[in-house]
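Q: Okay, here's the structure, questions in a sec.
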Amino acid sequence: MSAFEQLFQGRLPRLVMFDLDGTLVDSVPDLAAAVDQMLLKLGRKPAGVEAVREWVGNGAPMLVRRALANSLEAQGVDDVEAEYALELFNTAYEDSHELTVVYPGARETLKWLHKQGVEMALITNKPERFVAPLLDQMKIGRYFRWIIGGDTLPQKKPDPAALFFVMKMASVPASQSLFVGDSRSDVLAAKAAGVKCVALSYGYNHGRPIAEESPALVIDNLRALIPGCLEPAAEITLPDAVPSHSGNSIVVVTRKLWMKVIKALARWRWRA
């Protein structure tokens, strides 16, 4: 039985929101290379892939602080040094996606959902300047109608603001929405938004099993979302399906829109 069949009583969610790093793509090798290059320029020892794998998930500024502290807690880091180190990291990572790969089943799942008419959004804590180039290189960006980076809004996950915004824009309630992620921040954001969360066992959760965060379901492969493992599923229907707009428009939310976002969220939360 697929995740959709378990969570939505034989129906598809109308909206599926995805995390990026650790969910759709394994970006740790490139992130680790950028972190190590940053550390070497600061006269420090490189951290290595396994350490970086436990540090990612809360955005680039926190990753840099953890690398400087050489610990997950990121304590005792000088703010000025952290700011300079972040510039070094950003420069190193800007065009560094050669080692990043799409996880098995990700492309097939996105393609299947797109064919079923399910709206999709990408909500990541990765700085937005890195998101579009990565999606283009991985050839998965066209599937997402809304793309929100970690610095697009004043809040990032685990704050649910981005989830509320996407649901508002899609006119889809939480009961017909799903979030797919791999970390504690993803699960907390989904729970705060009243959205079911499916978590991937293989992602980045600071070395802790994602099941400890109590998502609605844990899966080992994105194909597990799909009825019949990507086979046609005539028995699975969209609830109250709304015809999609003509064309394949993609909305990349920018910082210029954040005031409108906050106002919209405030009105929506008040009505709720």
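Each residue, glycine too, has its Cβ placed from N, Cα and C.
According to Swiss-Prot, the protein carries these features:
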ACT_SITE  D19  active site, nucleophile
BINDING   D19, D21, D182  Mg(2+) binding site
Q: According to DSSP, does D21 (Mg(2+) binding site) fall in a helix, a strand, or coil?
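A: Once the DSSP labels are grouped into three classes, D21 (Mg(2+) binding site) ends up as strand.
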Q: Count the Cβ atoms, other than its own, that fall within 10 Å of the Cβ of D182 (Mg(2+) binding site), considering every protein chain shown.
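A: Taking all protein chains shown, D182 (Mg(2+) binding site) has 26 Cβ neighbours within 10 Å.
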Q: I'd like the Cβ neighbour count for D19 (active site, nucleophile), meaning other Cβ atoms within 10 Å of its Cβ, all protein chains included.
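A: So the Cβ neighbour count for D19 (active site, nucleophile) comes to 29.
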Q: Which residues, sitting 6 or more apart from D21 (Mg(2+) binding site) on the same chain, put a CB under 8 Å from its CB?
A: S27, V28, L31, V56, G57, T124, N125, K126, G203, Y204
Q: Whole-number answer please: how many Å between the C-alpha atoms of D182 (Mg(2+) binding site) and the residue listed as 'active site, nucleophile'?
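A: Rounded to a whole number, the Cα-Cα distance is 8 Å.
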Q: An 8 Å radius from the center of the D19, D21, D182 Cβ atoms defines the neighbourhood of the Mg(2+) site; name the other residues of that chain inside it, in order.
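A: My list of surrounding residues reads L20, G22, T23, L24, G57, T124, G181, S183, D186, L200, G203, Y204.
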